[in-house]
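Below is one structure, written out as structure tokens; the observations come after it.
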Amino acid sequence: MTSCQVAEDPIKKVAIFGGTHGNELTGVFLVKHWLENNTEIQRTGLEVKPFITNPRAVEKCTRYIDCDLNRVFDPENLGKRMSEDLPYEVRRAQEISRLFGPKDSEDSYDIIFDLHNTTSNMGCTLILEDSRNDFLIQMFHYIKTSLAPLPCYVYLIEHPSLKYATTRSIAKYPVGIEVGPQPQGVLRADILDQMRKMIKHALDFIHNFNEGKEFPPCAIEVYKIMEKVDYPRNESGEIAAIIHPKLQDQDWKPLHPGDPVFLTLDGKTIPLGGDCTVYPVFVNEAAYYEKKEAFAKTTKLTLNAKGIHSSLH
């Protein structure tokens with residue numbers, strides 16, 4: 001073994017979460033299907049558990065009941081004394097942490113795939129929380145290569161103030177899967193097929209790794225979050241301009257200083273400020289209006305991973 005190779009523990013337990021947001025229907029539909037027939041997600045020697053994370057929100061086809069489940073897996077919320085007064089999603093987070101965590105414990109699941117849809121034109125997106133995770137960089141490289149020529153983007157949310165406490169973060173290896181564009185409360189066959197393929201390739205990678213396949217050093221292109229941009233607002237705090245037509249549906253495309261970003265109702269164009277090119281993501285995402293986020297700025301980086309193999313081989 002050289003210094004470019006790292007031995008990693010084999011993967012034993014994997015969960016696939018759907019319905020973290022109850023109106024993002026691809027994950028809901030796939031997980032419900034796999035709960036009835038799990039043949040396509042089974043791999044030898046691997047426990048793969050499909051799970052509906054927010055059943056009440058799924059039932060009502062809404063993002064959440066009391067608060068966003070994908071933002072409450074922080075120590076404060078997970079440590080609150082259980083009571084009926086707690087928001088439903090905080091109680092649910094504690095249940096999920098007990099079932100699949102707790103984080104950093106011997107009992108926690110090795111990998112959690114959390115399935116999401118976006119109304120933004122983001123295509124196939126993998127969400128990475130740690131830029132130094134050789135195993136996940138290798139997995140994402142495998143998925144991207146397997147999906148080609150279909151593009152698959154990697155969104156790195158590692159940031160001191162913008163990273164959030166995700167549902168999947170209780171696993172050793174948290175993986176967000178985001179596919180769009182798809183309206184809330186709607187199923188599209190093309191989007192479902194893409195998400196299904198992403199999970200297939202991810203499970204194939206895990207199986208190959210567990211069987212002793214060595215993965216040589218690799219590099220992937222990622223888009224790292226820099227800043228969230230709110231809509232222009234008037235004195236009452238109401239939105240005063242909308243996403244400019246030239247920015248709409250242009251996720252992942254370079255956005256230069258001076259390029260149109262917003263358009264007011266009296267026809268005034270508001271351009272991008274600053275002095276550097278950025279790459280916008282979650283452009284005009286429906287769920288982010290309440291979060292005061294018109295889009296997020298990212299910068300493009302290359303991440304390198306050492307070669308990996310299973311410590312059993």
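Every residue, even glycine, has its Cβ placed from backbone N, Cα and C.
Here is what Swiss-Prot says about this protein:
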type     : residues                                    : note
ACT_SITE : Glu178                                      : active site, proton donor/acceptor
BINDING  : His21, Glu24, His116                        : Zn(2+) binding site
BINDING  : Arg63, Asn70, Arg71, Tyr164, Arg168, Tyr288 : N-acetyl-L-aspartate binding site
SITE     : Arg63                                       : site 'Transition state stabilizer'
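Within 8 A of the CB centroid of the Zn(2+) site residues His21, Glu24, His116, the other residues of that chain are Gly19, Thr20, Asn23, Gly27, Arg63, Asn70, Leu115, Asn117, Thr118, Glu178, Ala287. The subset of binding-site residues (Asn70, Arg71, Arg168, Tyr288) lying with their Cα within 10 Å of the Cα of Glu24 (Zn(2+) binding site) is empty, i.e. none.
A distance of 16 Å separates the Cα atom of Arg71 (N-acetyl-L-aspartate binding site) from that of Glu178 (active site, proton donor/acceptor).
Within its own chain, His116 (Zn(2+) binding site) has Thr20, His21, Glu24, Gly27, Gly176, Ile177, Glu178, Val179 as residues 6 or more apart in sequence whose C-beta sits under 8 angstroms from its own. Reduced to three states, the DSSP call for Arg168 (N-acetyl-L-aspartate binding site) is helix. In the three-state DSSP assignment, the secondary structure recorded for the residue listed as 'active site, proton donor/acceptor' is strand.
In three-state terms derived from DSSP, Asn70 (N-acetyl-L-aspartate binding site) belongs to a helical segment.
With all protein chains in the displayed structure included, the most crowded Cβ environment within 10 Å among the binding-site residues Arg63, Arg71, Arg168 is that of Arg168.
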